[in-house]
Amino acid sequence: MFFRLRFLVFFVLFRNLCCLLLSGDLFRVYGLGFNLGVMIALQILVGICLSWFFFRCIIPQNWIFTLLIHLEFDLGFIIRSLHIIFTSLLYFLLYIHIIKVIFLCLIFDSSMLVWFFGFLIFIFILIIAFIGYTLPCTSMSYWGLTVFSNILATIPLIGIYICQWIWCSEFINDFTLLKLHSIHIFLPFVLLFLIGAHFFVLHYFLSSDGLLDRFPFYYERFFFFLLYYLRDLFLIINILCFLIYYICIYWFFVFHEESWIIVDTLKTSDKILPEWFFLSFFGFLKSVPDKFMGLFLLFVLCFALFLFILNCILIFIYCRSSLLWMSLSLVLFYYLCVGGFLSLYVVLCFPLWMEIQFWVLLLFCFIVCRLD
């Protein structure tokens with residue numbers, strides 16, 4: 001039995017990683033999924049290194065945040081900066097990946113299972129990133145967790161119980177961080193399983209063909225093992241070299257000013273501004289005065305991606321009116337995301353130049369790698 005199971009596992013890996021025939025008309029943008037997988041693997045590896053020292057920073061002294069972790073062991077601050085920058089880069093690549101697959105879905109048919117696992121991966125990444133955002137226990141993350149947990153308390157019937165389960169008390173304390181830390185460690189391994197399922201289903205249905213594959217005169221095929229591995233690795237190596245250089249020179253650009261303030265439970269922060277990849281969701285929560293309606297709009301935003309699964313079902317039953325679902329989901333997800341992102345920056349007057357210079361250089365790195 002063990003031999004058969006081992007043979008099945010190696011056969012699936014060999015088929016999906018080595019012997020898969022893909023189109024020769026795949027641009028470098030198609031390698032964003034591979035880059036996302038590498039970034040998630042690096043995030044988990046760096047997070048495991050940080051988790052060994054998290055308890056030592058939190059338990060002995062109340063509300064001592066992990067920005068001082070560089071005093072505990074060598075290279076601790078560099079590892080923490082890598083973990084934070086990898087998160088920003090992960091979301092940057094993730095949003096580009098979603099734009100790419102929406103474009104492909106507007107042109108070609110897509111598999112329902114591929115979209116389903118991709119939707120679950122997106123939701124899990126959101127949950128893991130928000131929990132990780134609250135773990136450093138800075139002034140910004142503490143009040144951000146307080147605001148979001150109070151919003152969850154507005155859910156009818158079960159909201160107050162969810163809030164008390166998260167807090168483990170009448171207020172946020174050390175045990176709250178320990179529980180969130182355990183969840184933050186457990187969920188990435190579930191995410192790896194979903195990524196494996198997404199990877200297998202994608203290669204099984206071959207739902208990301210090139211543009212020229214729809215024409216009968218184009219038959220060029222290549223093995224996945226050598227050509228596309230080298231192209232994807234070249235892109236990810238350029239990105240990692242750029243990030244390491246940026247950390248060594250401008251290591252402070254990933255932190256807001258409130259990230260250096262120790263938590264004062266009796267004083268609210270002057271402004272509560274999450275990371276850039278949470279700005280659209282934060283804008284939905286704050287767009288209406290009622291907390292429950294803001295939470296409802298947040299679920300509508302996440303449900304916009306789920307509409308693509310309905311689109312795949314409608315295509316499967318040959319209902320061409322599915323373009324309505326695609327248009328609705330595109331408007332809900334991206335126009336509202338960009339609107340919430342820009343409105344928060346305009347209202348809060350946050351200085352953009354620190355982050356703009358990073359993303360401009362990153363786009364330059366993509367141009368150097370040639371997206372062809």
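Positions of Cβ are set from backbone N, Cα and C atoms, glycine also.
Features reported for this protein in Swiss-Prot:
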- 32-52: transmembrane segment (TRANSMEM)
- 77-99: transmembrane segment (TRANSMEM)
- His83, His184: heme b b562 binding site (BINDING)
- His97, His198: heme b b566 binding site (BINDING)
- 114-134: transmembrane segment (TRANSMEM)
- 180-200: transmembrane segment (TRANSMEM)
- His203: ubiquinone binding site (BINDING)
- 228-248: transmembrane segment (TRANSMEM)
- 297-317: transmembrane segment (TRANSMEM)
- 330-350: transmembrane segment (TRANSMEM)
- 351-371: transmembrane segment (TRANSMEM)
Problem - seg_contact(the transmembrane segment (228-248), the transmembrane segment (114-134)) with at least 3 CB pairs under 8 angstroms, min sep 6 - result: no
Problem - Cβ-Cβ under 8 Å with the transmembrane segment (114-134): same-chain residues at least 6 beyond its ends - result: 47, 83, 87, 90-91, 94, 98, 101, 105, 141-142, 144-145, 148, 177, 180, 183-184, 187-188, 190-191, 194-195, 197-198, 201-202, 205, 207, 274-275, 277-278, 281, 302, 305-306, 308-309, 312
Exercise for the section: Given the binding-site residues His83, His184, His203, state which is nearest to His97 (heme b b566 binding site) when distance is taken between Cα atoms. Expected result: His203
Exercise for the section: Quick one: pull the CA-CA distance for His198 (heme b b566 binding site) versus His184 (heme b b562 binding site), whole Å only. Expected result: 21
Handout entry: Rounded inter-Cα distance in Å - His184 (heme b b562 binding site), His203 (ubiquinone binding site)
Key = 29
Exercise for the section: Quick one: of His184, His203, which of the binding-site residues has the smallest count of other CB atoms within 10 A? Expected result: His203
Problem - Neighbourhood of His83 (heme b b562 binding site), C-beta criterion under 8 angstroms, separation at least six - result: Gln43, Val46, Gly47, Leu50, Gly132
Handout entry: Local backbone state of His97 (heme b b566 binding site), from DSSP in three classes
Key = helix
Fill in the blank from the handout: Cβ neighbour count (10 Å, all chains) around His97 (heme b b566 binding site) is 19
